[in-house]
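I'd like to ask some things about the structure below.
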Amino acid sequence: MTQVLVFFDRVENQLTPAQAELLTHADALGDAVVVTGSLPPEGPAPLAVQGVTGVLTGAGPMYAPDPALADLVSAAAAELSPDLILGPDTPDTVDALSRAAVSLNAGLITGANGVTGSGSATKSVLAGSWRTTARISEEGPLLATLRPNTASQQVIPAEAPEVVELEVAASSAVEILEEAELPDSGRPDLTEASTVVAFGRGVDGDLSLVEQLADELGAALGASRVATDAGWIDHSAQVGQTGVTVAPQLYISVGISGAVHQKAGMQTSGTIVAINRDEDAPVFEIADFGVVGDLNDVLPQMIAELRRRAK
Amino acid sequence: MPGSLHIITLVKWVPDAQLERRIGEDRRLDRSQGILGELDEHPLETALQIKEQHDADVRVSALTMGPPGASAAVKKALQIGADDGFHLTDEALQAADIWTTSGALAAAIKYVRTTAEDSDYLVLTGMASEDGETAAVPAQLAGRLSVPALTQARSVVLTDRQVVVERLSGNRLQKVSAALPAVVAVTDQANEPRYPNFRAIMKAKKKPTTTFSLTELGLTRYAVESKVSLIAAEPRPERQAGEIIHDDGNAGQKTVEFLEKEGLL
């Protein structure tokens, strides 16, 4: 039986879709124990999920970017001798597992699409243009972060797991001086959404149509570098080589020319639909369905048609 | 602000992402051509701004690890404004994984530090390399140096012996501080990198670059053996252009019909 240690930097009163998906992967691989920097006030209830056999925390909560999170992972690994240590592919998780890999003397693969119990992982590299398989060269464990698959996975409820505290405490190496939650758009998280509507220069600062389209489709909103640099939306919405890489089932590109940089962040999407005024826009080279036209004509008609069908 | 500060910026020579990149039969990335990674210009800009904002003695070193051609990345960094360059090159570092990269860089940083031992230091990196894209080296390097890592930094301010960064942690915007020494990974939102001008390019010719191998670091080939190796690599089939229509007044409707046909509604 493969022993899987799953790391979440924090667990809140509801699992994120990426966390839920990771637990279904872990359940398919073997026995899973979750180690986390913090639990919600009501305890491990959100982790009452099939496959989770136990929960480990530190002596008191600790939050990213505290390097103690890495110590916690190492301490948990020392208890369990897992074959795999997995986490969602978020920067804070990458940091904690990278650091833990040093003390565990172990190999690390980030941004994997899949892993096996024997320590190999597949991943897309070079901006999605190549697919690779890598494997640890010695005995385990393998540490890996997994990209969301965006296929919605249903976790199966189970009894609440037992929580055991390890003797690792928050450190004073970093101090969080201020913290503010980003405003909630009410839309799904960009990296986890099964549909993404992304916009660029073409919307000229007016987001009303792309927002309405996204809401009709239950989609997340993404943007090109031009649109985030112009301040039309927060930088965290940037899809591209230096921003977020997305691979939704459906990607709708609105008013984005689709230069190499943008393409790098979305070319592994399932289906790509592009709407652009310029018929020579590079995005049409990779679109499954392309509309050469004015978004101010095409989008209102799409939205009206979607609303008509929803009735 | 410390009386004397040594900033080490990591720069990487990477294949140009604008051109076709390929993995060879030997399962290694073709590194015959390269440029200074664009994401590495941001930490360099951060370093130069810190140097300019403080009257105190700030030294900016550019450190790279890579094949002989990687000296071009150091040269570019010197032209942009770094004071001196360091280039670790060794055949044993080919196809280095995260483990090997962070181990060799940690040893290289200790080596570079022997040239400025009595100052505080700060290691600045980009958010990720444009070829490996693992984003894991900054935190692993910090672990090896036993210093904190502040990644995803959108802004970096140095006061006294503290570095303060703004970063995104999940859906939270944080302001976080750490005492020097520290490793800070800077995003491409942090600043707008400068271009070297003619005067700077001329001046760079006089700046010193030190090239060294694992031997100078006291490391053997075995000490930097990768934990993870590539066993297969294949190009993803190119996406093909699908149906392209010109809006004749019904394109919105036709798009929705396409989505329905594909089962995407």
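Heads up, residue numbers simply count up from 1 along the chain you see.
Including glycine, each Cβ sits where the backbone N, Cα and C put it.
TrEMBL labels come from automatic prediction, so no person has curated them.
Since this is a predicted model, take the numbers as computed values, not measurements.
Taken from TrEMBL, the feature FAD binding site applies to A:Arg201, A:Ser224, A:Arg225, A:Gln238, A:Val239, A:Gly240, A:Gln241, A:Thr242, A:Asn276. Under the heading domain 'Electron transfer flavoprotein alpha/beta-subunit N-terminal', TrEMBL lists A:4-186.
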I'd like to know which binding-site residues lie near chain B: of A:Arg201, A:Gln241, A:Asn276, which have a CB under 8 A from one of its CB atoms?
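Answer, by Cβ distance to chain B: A:Gln241.
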Run through the Cβ atoms and count how many others sit within 10 Å of the one on A:Val239 (FAD binding site).
32
For A:Gln241 (FAD binding site), what residues in its own chain, 6 or more apart in sequence, show a Cβ-Cβ distance under 8 Å?
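Correct list: A:Ala127, A:Val260, A:His261, A:Ala264, A:Gly265.
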Counting only other Cβ atoms and using a 10 Å cut-off, which of the binding-site residues A:Arg201, A:Arg225 scores lowest?
A:Arg201
Between 0 and 100, where does the mean pLDDT of the domain 'Electron transfer flavoprotein alpha/beta-subunit N-terminal' (A:4-186) sit?
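Summing pLDDT over the domain 'Electron transfer flavoprotein alpha/beta-subunit N-terminal' (A:4-186) and dividing by its length gives 94.
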Across the record's FAD-binding residues A:Arg201, A:Ser224, A:Arg225, A:Gln238, A:Val239, A:Gly240, A:Gln241, A:Thr242, A:Asn276, the largest CA-CA distance in angstrom?
23
Sequence gap of 6 or more, Cβ distance under 8 Å: name the residues on the same chain that satisfy this around A:Asn276 (FAD binding site), in order along the sequence.
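A:Gly202, A:Ser253, A:Val254, A:Gly255, A:Ile256, A:Ser257, A:Gly258, A:Val283, A:Phe284, A:Gly290, A:Val291, A:Val292, A:Leu295 - these are the non-local Cβ neighbours of A:Asn276 (FAD binding site), listed in sequence order.
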Going by DSSP, is A:Arg201 (FAD binding site) part of a helix, a strand, or coil?
helix
I want to verify one value. Collapsing DSSP to three states, which class is A:Gln241 (FAD binding site)?
coil
Please state whether DSSP places A:Asn276 (FAD binding site) in a helix, a strand or coil.
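SS state of A:Asn276 (FAD binding site) = strand.
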